[in-house]
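What TrEMBL says about this one:
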ACT_SITE  THR187  active site, nucleophile
BINDING   ARG215, ILE216, GLY217, ASP218, THR237, GLY238, LYS239, GLY240  substrate binding site
Amino acid sequence: MGWAIALHGGAGDIPLSLPPERRQPREEALRHCLQIGVEALKAKLPPLDVVERVVRELENIPQFNAGKGSVLTSKGTVEMEASIMDGTTMNCGAVSGLTTVVNAVSLARLVMEKTPHIYLAFDGAEEFARQQGVETLDSTHFITAENIERLKQAIEANRVQIDYTQPIQNDTKKETAIGNGDSQIGTVGCVAVDGNGNLASATSTGGLVNKMVGRIGDTPVIGAGTYADARCAVSATGKGEAIIRGTVARDVAALMEFKGLSLEEAATCVVHERTPKGTVGLVAVSAKGEVTMPFNTTGMFRACATEDGYSEISIWPAPKFE
């Protein structure tokens, strides 16, 4: 048993043609955030503090779909959401419909610790944020030129886009890479376990490109996008509706609890057998310090590290050798 951490920056149709100028900043961001988490675990911070710290940093990086860089609704606005869960106590908190809160994950933790509730949304969540004195900025702070262009493309294609979905060419209806080989930016999440087997998970997102105003995805739904108990911690990414239907994060824990599967077996079953292809990825750690990062999409921005010295930063599946 030892500490372990895993984080993701979204799963989806990430083209293999993604050019270095688009790929490298995201890889560097993952490396930076992984190091923050590793240093926090080495300093004996509780896993709940670790996952919040890492996700806050991911929210502040505009290359990812959370916080600054959140994708836009059909009306060109941001509606951010997040959740966090402590596996030791099973306490959790969630927020949706945020338009001014800089770090949604920290507001989710305040809901968990400062209210009798689990989930606050929209005007109530914004009012709570002001009461708690958390940092807020005008909603224009979160809107980037890239996401204005992505919304325009999605509206022209008349569809709602998952993170990383590539634009459709109207004449062929076939998915092709965006002109510069870029991908849609993705949901963020982090899971961690300390040397005593204490677990925590946190996830944050701006949702889907061109989503209806008021739409809520899997990220703030405990048991769907985020879950942690005494066995494992899970953070999911992908098509929220599919993740909610499959109760993806909880299913990993349930397979471990009721069928006695290992972390890797349970996560593989959920992602590759119980969820439609092209819809989900997840990162998970177990109380034993195991890590797994499966996905059934083209790729998933991901990183992990363990106390025994293993570390990984990847986007696409590892090549298979016969």
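Glycine is no exception: its Cβ is also placed from the backbone N, Cα and C atoms.
Note that TrEMBL annotation is computational and uncurated.
Of all the binding-site residues listed here (GLY217, GLY240), the one with the fewest other CB atoms within 10 A of its own CB is GLY217. Site extent for substrate: among the recorded binding residues ARG215, ILE216, GLY217, ASP218, THR237, GLY238, LYS239, GLY240, the largest C-alpha separation is 16 Å.
Every protein chain considered, the tally of other Cβ atoms within 10 Å of the Cβ of THR237 (substrate binding site) stands at 34. Cβ neighbours of ARG215 (substrate binding site) (same chain, under 8 Å, six or more residues apart in sequence): THR73, GLU79, GLY207, LEU208. Considering only the recorded positions THR187, ILE216, ASP218, the Cβ with the fewest other Cβ atoms within 10 Å is that of ILE216. Each of the binding-site residues GLY238, LYS239 was scored by other CB atoms within 10 A of its CB, and the lowest score goes to LYS239. Rounded to a whole number, the distance between the Cα atoms of GLY240 (substrate binding site) and the residue listed as 'active site, nucleophile' is 10 Å.
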